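Report on one structure; see the data block that follows.
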Amino acid sequence: MLKIGDKEFKSRLFTGTGKFSNSHLMAEAIQVSGSQLATMALKRVDVHDQQDDILQPLIHAGVNLLPNTSGAKNAKDAVFAAQLAREALGTNWVKLEIHPDPKYLMPDPIETLAAAEQLVRDGFIVLPYCHADPVLCKRLEEVGCAAVMPLGAPIGSNKGIASHDFLEIIIDQANVPVVVDAGIGAPSHAARAMEMGADAVLVNTAIAAASNPVAMAKAFKMAVESGRMAYKAGLAGKVSHAVASSPLTAFLDEL
């Protein structure tokens, strides 16, 4: 079981709700994935409609909602968005996202740290999206974030685990869960992150933009489970030279 804040999760695959062609397909894909936590932008939710097309299928399936602060350009905007989400959705969980550059959507480390400090003081369970920066992730942990969410590659790029070396350091030194977020474009990418020791991954575009999102969701579920199983089993170490699996020297000497 994965514990973050006051919740426990059987599934280590977290999902997003954007880019699906319709809410029914979104709900089916998330349900098939086994995900128990789905992130969503507050701007996509009609907080005055209790039968909101996005919310209801997820709530009915028992999926926990993780509102994000997507669109915030600074700490002040992010704190305000989080407060709105808490009031509208009744949750103190928030995925902290601050990316002022609309082209590359790179997270602002300075504003993210400032917002995280304020939100933790205000009683939020904060999961910050950030660069794969070991120093920053440690600082976010120290100010009280419940987990850290370093990027694998730019949002929506599907480039996979481009920040591998830095993620290894983050995972090694973290005392809170590490959720690899952004850039995961194939089930193999998710498996690789889990094999490294990541506690979970968050996937959106790779599922939502697939030709068959439901089938892809199942593929990601299996990849995350197998990657976690491999990590726990203990991967064989790498060496720089060949090591025969069936040495023949003694056998040949006897001929």
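Using the three backbone atoms N, Cα and C, a Cβ is placed for every residue, glycine included.
Copied over from Swiss-Prot:
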type     : residues                               : note
ACT_SITE : Lys95                                  : active site, schiff-base intermediate with DXP
BINDING  : Gly156, Ala182, Gly183, Asn204, Thr205 : 1-deoxy-D-xylulose 5-phosphate binding site
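Structure coloured by features recorded in Swiss-Prot.
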{"residue": "Lys95", "record": "active site, schiff-base intermediate with DXP", "CB count, 10 Å": "26"}
{"residue": "Gly156", "record": "1-deoxy-D-xylulose 5-phosphate binding site", "CB count, 10 Å": "17"}
{"residue": "Ala182", "record": "1-deoxy-D-xylulose 5-phosphate binding site", "CB count, 10 Å": "27"}
{"residue": "Gly183", "record": "1-deoxy-D-xylulose 5-phosphate binding site", "CB count, 10 Å": "24"}
{"residue": "Asn204", "record": "1-deoxy-D-xylulose 5-phosphate binding site", "CB count, 10 Å": "21"}
{"residue": "Thr205", "record": "1-deoxy-D-xylulose 5-phosphate binding site", "CB count, 10 Å": "18"}
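Thr205 (1-deoxy-D-xylulose 5-phosphate binding site) sits 17 Å from Lys95 (active site, schiff-base intermediate with DXP), taking the C-alpha atoms as the reference points. Spacing of Gly156 (1-deoxy-D-xylulose 5-phosphate binding site) relative to the residue listed as 'active site, schiff-base intermediate with DXP' is 17 Å (Cα to Cα, whole number). In three-state terms derived from DSSP, Thr205 (1-deoxy-D-xylulose 5-phosphate binding site) belongs to a helical segment. When the alpha carbons of Ala182 (1-deoxy-D-xylulose 5-phosphate binding site) and the residue listed as 'active site, schiff-base intermediate with DXP' are compared, the span between them is 13 angstrom. The 1-deoxy-D-xylulose 5-phosphate site is set by Gly156, Ala182, Gly183, Asn204, Thr205; from the centre of their CB atoms, other residues of the chain with a CB within 8 Å are Gly16, Ala153, Pro154, Ile155, Ser157, Asn158, Asp181, Ile184, Gly185, Val203, Ala206. A coil conformation is recorded for Gly183 (1-deoxy-D-xylulose 5-phosphate binding site) in the three-state DSSP classification, outside any helix or strand. The maximal spread of the 1-deoxy-D-xylulose 5-phosphate binding site, taken as the longest Cα to Cα distance among Gly156, Ala182, Gly183, Asn204, Thr205, is 9 Å. In the three-state DSSP scheme, Lys95 (active site, schiff-base intermediate with DXP) is classed as strand.
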